[in-house]
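Annotated features, as they stand in Swiss-Prot:
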BINDING   Thr42, Cys43, Asn44, Arg45, Ser93, Glu98, Thr99, Asp100, Gln104  substrate binding site
ACT_SITE  Cys43  active site, nucleophile
SITE      His83  site 'Important for activity'
BINDING   Gly172, Ala173, Gly174, Ala175, Val176, Gly177  NADP(+) binding site
Amino acid sequence: MLVDKLYALSLSHKRLSVDELSEISRNVHKTCYNVQAFVFHTCNRVEVYLYDADAGPAEHIKRSYGPYVEKVAEFRGVEAARHLFRVAAGLESMLIGETDVLGQLEEAYESQVRRGNLRGLLKTVVERAVAVGKRVRTETGISRGPRGLGSLSIVYLSRRLPLREISVCVIGAGAVGRGVVKELIDAGVRRVAVVNRTVEKAADLGVEVRPLTSENVEWCLREFDVVYTAVSSFEPVVVYVPPGSRVKLVVDLGVPRNTAPNLPVEVVTLDHLRELAEEFNRQRAEEVSKAEKIVEEEVARLEEVLRRRWVELEMSALLKKWFAVAEEEGERAGGGPARLAAMSTVKRTLLPLVNYIKEVAVKDLAVAEGLLQVLKSAYA
């Protein structure tokens with residue numbers, strides 16, 4: 001089975017603290033930078049997914065988890081797919097059903113496709129995971145209440161400070177930061193501002209926006225009661241607090257942590273939110289079984305999806321060549337209508353053949369492999 005070639009490594013909030021996860025994230029990213037792999041790193045997990053990888057590279061990546069390598073969970077085949085689908089569905093999150101993880105998954109997918117690290121059938125697996133996450137949140141009520149760790153932190157904040165009387169600055173306007181800003185506004189916070197690397201990306205939020213500089217980080221600390229950090233950075237964003245600053249609380253949602261140790265102000269991290277998350281997890285217990293049923297349905301379908309995609313990938317080079325030949329012959333015959341007719345003939349002849357081989361692959365992968373080999377030998 002094609003899904004059998006999938007392999008995953010995972011360390012999450014279930015085995016390590018946020019600070020410990022932050023320790024290993026840089027090394028894992030560095031190890032995987034030029035590798036065909038999908039790295040999914042949030043404040044609650046550091047995971048790597050590989051497809052059809054040799055044992056040597058896989059073991060090398062596993063060792064990049066450093067002092068925590070013995071705590072790494074390994075998943076293979078269907079279990080690896082099931083784990084990724086559960087992560088996308090929010091079933092493995094500290095706050096069950098949270099939506100931030102889905103946005104982060106999409107961001108990781110897009111960036112790694114652009115970089116060229118994610119392609120082939122591994123890309124298809126991640127695409128299916130995103131689709132599963134969306135389906136779970138559409139068909140169940142698992143995300144009712146706080147929709148993410150950002151919104152959970154606002155509940156925490158509301159139990160500490162009067163929201164309508166405070167000012168909040170959010171550093172970072174990615175998926176998590178944007179969600180926090182919108183919920184702060186909805187909660188009636190007196191003043192909200194954003195500091196972000198690109199001002200344009202946060203312009204639509206309808207609040208004051210400044211570029212991410214050390215001066216503007218200081219401005220946040222001096223002028224606001226609460227500062228959120230939600231930046232993807234391997235270096236701390238808040239390294240010191242200027243004397244006389246107004247800030248009472250820093251909420252660090254960064255990946256990894258955005259705050260330097262031993263700051264002279266209270267820093268709230270995700271570890272502080274565990275008890276509150278459990279409170280809402282108990283309320284969502286009934287929806288968990290519905291979400292798990294959807295995950296199992298999608299896991300059962302994955303092999304068929306992979307086989308169809310495998311045929312497309314195997315045939316793509318041949319199709320490209322055949323279309324090029326048809327275009328060339330059409331130009332020789334006078335171009336224009338002749339070229340279009342030649343291209344149309346290729347489509348009418350070959351696309352049904354591709355679809356036929358897809359159906360064969362679903363039933364018998366070995367037979368489909370034989371058909372593809374015949375085509376490659378005859379026409380390559």
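Note: Cβ is positioned from N, Cα and C throughout, glycine not excepted.
Here the features listed in Swiss-Prot are painted onto the structure.
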residue : record                        : Cβ within 10 Å
Thr42   : substrate binding site        : 27
Cys43   : active site, nucleophile      : 27
His83   : site 'Important for activity' : 23
Thr99   : substrate binding site        : 23
Gln104  : substrate binding site        : 24
Gly172  : NADP(+) binding site          : 27
Gly174  : NADP(+) binding site          : 20
Ala175  : NADP(+) binding site          : 22
Val176  : NADP(+) binding site          : 29
Gly177  : NADP(+) binding site          : 26
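For Gly174 (NADP(+) binding site) paired with Gln104 (substrate binding site), the C-alpha to C-alpha distance reads 9 Å. Our reading of the substrate binding annotation (Thr42, Cys43, Asn44, Arg45, Ser93, Glu98, Thr99, Asp100, Gln104) yields a largest Cα to Cα distance of 15 angstrom. Ser93 (substrate binding site) has a Cβ environment of 24 other Cβ atoms inside 10 Å. Considering only the recorded positions Thr42, Asn44, His83, Ser93, Gln104, Val176 (NADP(+) binding site) has Gln104 as its nearest partner by CA-CA distance.
Gly177 (NADP(+) binding site) carries a helical DSSP state (H, G or I).
Taking each of the binding-site residues Asn44, Ala173 in turn and counting other Cβ atoms within 10 Å of its Cβ gives the largest count for Ala173. Taking the centre of the Cβ atoms of Gly172, Ala173, Gly174, Ala175, Val176, Gly177 as the NADP(+) site, the nearby residues of that chain (Cβ within 8 Å, site residues left out) are Val170, Arg178, Gly179, Val180, Asn196, Ala230, Val231. Other residues of the same chain near the substrate site, with their Cβ within 8 Å of the Cβ centroid of Thr42, Cys43, Asn44, Arg45, Ser93, Glu98, Thr99, Asp100, Gln104, are Gly90, Met94, Val101, Gly148, Leu149.
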